[in-house]
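Trainee: Please read through the structure below; I'll follow up with questions.
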């Protein structure tokens, strides 16, 4: 007998609580106002510190409530009108309603809280640059459930695609390219065959990656090749089920940093903020201060964003990266820039590999791990026993965890800094220098 499958009903939304008046005292790193009512913490999206607001609880909890903003009775002097018409719906930006200097102060406060066991807020140095038009890479989502053309970014509250007309954090050239691409997609519909789209701007120019989930006709393909030629854009296709397209050296992308040229595959990771990347690399060189008698290990090195600048100054540099394709790109970049003191190794940095570098006399380490941090590799670092460790992180909470472990094992924090790599968003990049204690 065939068993009948029960129909899953969507969860009912909790009814809104009564309208309440709140005095907002603080701000979370996700840009939610922090208030208290009868001693219980309430997080209010869209409310700013110093404001008196009315709001209704929509997600009650045992330890705290979440509420939706109804009205602002007394407005903060730091509140500004968002530049983007999609702010509040699009999940990309969370701080556009807060004046830029106040954004930076809020991020510094949050970072100080994360690192409170290691140093004081006054010790945190800050790097900032432009607050808009900085993003040189964007992944565009497609809504396949609608007949109309819906391209943009995911909603803040769901996986729904917000139909974006303009994005203020994209570079001006990418904004123009996005508008032109939408016109082309309307004229030559291939949405049912598209998984998603990536836009890129680098030293080489503009490019578009179209990731296909099914094949398109030669006529359709030619229409996009013609469009790309008219727009002076390099077009890349990723075929259905293909993980990575093989490219010739001429087809590879490239960007410049520290007077060096780095080639990379369009699917490789690069920092999305060119201005801040230049500043970040320069600061890393200044803090770590590599000399000709230094041997530096660059962990999670990618295609050599830090490795190549290090090799200009140090006696020897070893870059370590999991992906073999990026290791090959790093080697090519070293050769391209004439750096004979730089080598690259493919290794899984979640596994002990200390013996691999035991004969190298490594005295300095730079690491730039993913959001999960580098906890599995810390014992290997401690075994190598470098005099200095420069830790670059996109997740301050895992940085704090890893740094506290290093401090327990003979290191001290010398410097720490916030780098506002992602203005208007809740994300920050952090740099920390640790010194081995004698």
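Any Cβ shown, glycine's included, is placed from N, Cα and C.
Checked Swiss-Prot, it gives:
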type	residues	note
DOMAIN	13-71	domain 'TRAM'
BINDING	84, 90, 93, 167	[4Fe-4S] cluster binding site
BINDING	271, 300, 305, 321, 348, 368	S-adenosyl-L-methionine binding site
ACT_SITE	394	active site, nucleophile
Trainee: Under 8 Å between C-beta atoms and at least six apart in sequence, can you list the same-chain neighbours of residue 305 (S-adenosyl-L-methionine binding site), or say none if there are none?
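Mentor: Expected: 257, 262, 270, 271, 277, 281, 368.
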Trainee: For residue 300 (S-adenosyl-L-methionine binding site) and residue 394 (active site, nucleophile), what Cα-Cα distance in Å is obtained after rounding to a whole number?
Mentor: 13
Trainee: According to DSSP, does residue 90 ([4Fe-4S] cluster binding site) sit in a helix, a strand, or coil?
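Mentor: Its secondary structure by DSSP: strand.
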Trainee: Determine, from DSSP, whether residue 321 (S-adenosyl-L-methionine binding site) sits in helix, strand or coil.
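Mentor: The residue in question, residue 321 (S-adenosyl-L-methionine binding site), is strand (DSSP, three-state).
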Trainee: Once the chains shown are all counted, how many other Cβ atoms turn up within 10 Å of the Cβ of residue 321 (S-adenosyl-L-methionine binding site)?
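Mentor: The answer is 24.
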Trainee: Are there any residues in the same chain, six or more apart in sequence, whose C-beta is under 8 angstroms from the C-beta of residue 167 ([4Fe-4S] cluster binding site), and if so which?
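Mentor: Set apart from residue 167 ([4Fe-4S] cluster binding site) by at least 6 residues yet with Cβ under 8 Å, we have 84, 86, 92, 135, 138, 153, 174, 175, 178.
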Trainee: What does the structure give for the C-alpha distance between residue 321 (S-adenosyl-L-methionine binding site) and the residue listed as 'active site, nucleophile'? Integer Å is fine.
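Mentor: About 17 Å separate the Cα atoms of these two residues.
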Trainee: Using the alpha carbons only, what distance in Å do you get between residue 348 (S-adenosyl-L-methionine binding site) and residue 93 ([4Fe-4S] cluster binding site) once rounded?
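Mentor: That separation, Cα to Cα, works out to 33 Å.
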Trainee: From the centroid of the CB atoms of 84, 90, 93, 167, the recorded [4Fe-4S] cluster site, which same-chain residues not already listed sit within 8 A by their CB, in sequence order?
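Mentor: Leaving out the recorded residues gives 86, 87, 92, 96, 153, 164, 168, 169, 424.
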Trainee: When DSSP states are grouped into helix, strand and coil, how many residues of the domain 'TRAM' (13-71) land in each?
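Mentor: Secondary-structure breakdown of the domain 'TRAM' (13-71): 0 helix, 36 strand, 23 coil.
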